[in-house]
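Input: a single structure, listed below in structure tokens.
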């Protein structure tokens, strides 16, 4: 019995062990099945995820492709329009060479004269050397024309004309005009891309281009004078602004950020190289970045990188422009130097002490104060160390413009009477209002300004700002690129109220910024947050308005202004000045002589006849302006002996007296040449106003 019980217990234990093994096997099998199911699910989910990622990538690529094609198409259409309009206006294709050259208005043909000289030279290097040692343009002087007149556009264009073998296919003048019109296409495409990058939709780019074309009278001077320096430089400025927008919008360390930074550096260099006034407008950009950096609306590292790009471009242009002293006295260089100690002290103060809200505000104010104190200090030192840099004259001109100091100096008053340095008329704002640009600009500006001020207050109060704001937040002013464009367009607008010539930078900026605003759901969401809209869901309404409003604006612009644009192409205008052609024919028949006259007329004479002149239509060279003053003395109340002595000092053989200057009766402007000369010569008091007299 005992043996049977032992066998029975052993059997029971064996059964239990076998049962436990079977249970364990079942559990293991279940685990395997579960793992197999999970693996199957992963295998099923992974292809779908890859497909969705590939679809989104393909969608973004297609969006980028069609957007880029639209930007290029807009630029090419605008270039074709300019070419057709220019040919219709001046009958350019059916004119003789002399009549074509005489059609360049405002003395701008002087730059084309140097382009012809470079092409007529035996080689490019010999022609370039002749321009650097030019003694056949201004009487009694050997000038470096490349430095004084910023002739790198003509240098580069003539080089491309030679190396591309275009001599047998394209006329020199057609290649020259095509280069300028091509750059205008680049300008329009850059505006398209900039507005597109800010808003995220191509509709904003199309709307920006439409406003630009309709308001081109106040957005570009290409119709007033094709070879003007700003027509070459401003397209690169538009590309620089677009690259700066992308650099501020991209995440730190990304490949797209590096690409935008390289574009920013290259376009800044080109802009400074092609226009003598370029460093002033980069200074305005620098001031915007200083203020945004002080308010923590732009990352400090990106601000420092942009300053490095400015400094590198300025140094390279200084070397390329034969150590031009005016670049050393530029406010941009003073700003870059002044920002170094300010940023160093700010970083040291943050490391050594813990500041609260009040301390942070004080530090921001100290940073701005220190930067601008260094700017004025550097400008003062440059004026003392480099008296020939023109810094003192620029300061006098600015003081006279702002009414801080009255002067009887002819050169200063003559410059202030130029259209570019005069205050704009009310017709500018009337034209912008008629095209619906100004009302929407005020709306976009107000919403973005209030949002940016709120963001600045949040930072000064120590509250964080989201690095990636959502649409539901309604904080468009927290985006660094939006904050930059907001402040940039404000500063350019203030300068436009003082100088009419700045409108050619401000109006394109307004077109781009306004188009971005009305097409951006973020702006409408920010507006609805301000209005505390609750009857309709604000996100849905903002998405609807960001599509409906641009559509309505575009349709109204197309309906009203598209027929006008086509009518301008169909309008055949007549341009012919028989008196000027007769004068040029007579000058060509004379022996080589030195001619004196108004700068605008002398520029045309130099282009069409090649004669030596006493001055040039260059308003950034003080010595040439003084020569112009001596030439204009024929209209002043000065004795014939004194006038003869002044003209003989410049080896003048003939003086061209213009009836338009003699018979000028514009009493209300106070800019008659005769009155300015009499005031400068102390013949009359500057406060006496215009005099009623005849010169002869």
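A Cβ is built for glycine as well, from the same backbone N, Cα and C atoms used for every other residue.
Pulled from TrEMBL, these are the features on record:
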{"type": "COMPBIAS", "residues": "31-45", "note": "compositional bias 'Basic and acidic residues'"}
{"type": "REGION", "residues": "1-49", "note": "region 'Disordered'"}
{"type": "TRANSMEM", "residues": "60-81", "note": "transmembrane segment"}
{"type": "TRANSMEM", "residues": "181-214", "note": "transmembrane segment"}
{"type": "TRANSMEM", "residues": "258-275", "note": "transmembrane segment"}
{"type": "TRANSMEM", "residues": "328-345", "note": "transmembrane segment"}
{"type": "TRANSMEM", "residues": "365-382", "note": "transmembrane segment"}
{"type": "TRANSMEM", "residues": "438-460", "note": "transmembrane segment"}
{"type": "TRANSMEM", "residues": "481-499", "note": "transmembrane segment"}
{"type": "TRANSMEM", "residues": "505-527", "note": "transmembrane segment"}
{"type": "TRANSMEM", "residues": "539-558", "note": "transmembrane segment"}
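In this chain, the transmembrane segment (258-275) lies out of contact with the transmembrane segment (328-345); the count of Cβ pairs under 8 Å, excluding pairs fewer than 6 apart in sequence, is fewer than 3. Tertiary neighbourhood of the transmembrane segment (181-214): same-chain residues 66-67, 70-72, 74-76, 78-79, 81-83, 86, 220, 222, 231-232, 234-236, 238-239, 241-242, 245-246, 249, 435, 437, 481-482, 485, 507-508, 511-520, 546-547, 550-551, 553-554, 557-558, 561, 565, selected by CB-CB distance under 8 Å and a gap of 6+ residues from either end. With Cβ pairs under 8 Å as the measure, the transmembrane segment (505-527) is packed most heavily against 438-460, out of 60-81, 365-382, 438-460, 481-499, 539-558. Cβ atoms under 8 Å from those of the transmembrane segment (60-81) belong to residues 181-182, 184-189, 192-193, 196, 202, 205-206, 209, 213, 565, 569 of the same chain, restricted to positions at least 6 beyond its ends.
Residues 290-291, 293-294, 328-329, 331, 333-335, 337-339, 341-343, 345-346, 389, 391 of the same chain lie 6+ residues outside the transmembrane segment (365-382) yet bring a C-beta within less than 8 angstroms of a C-beta in it.
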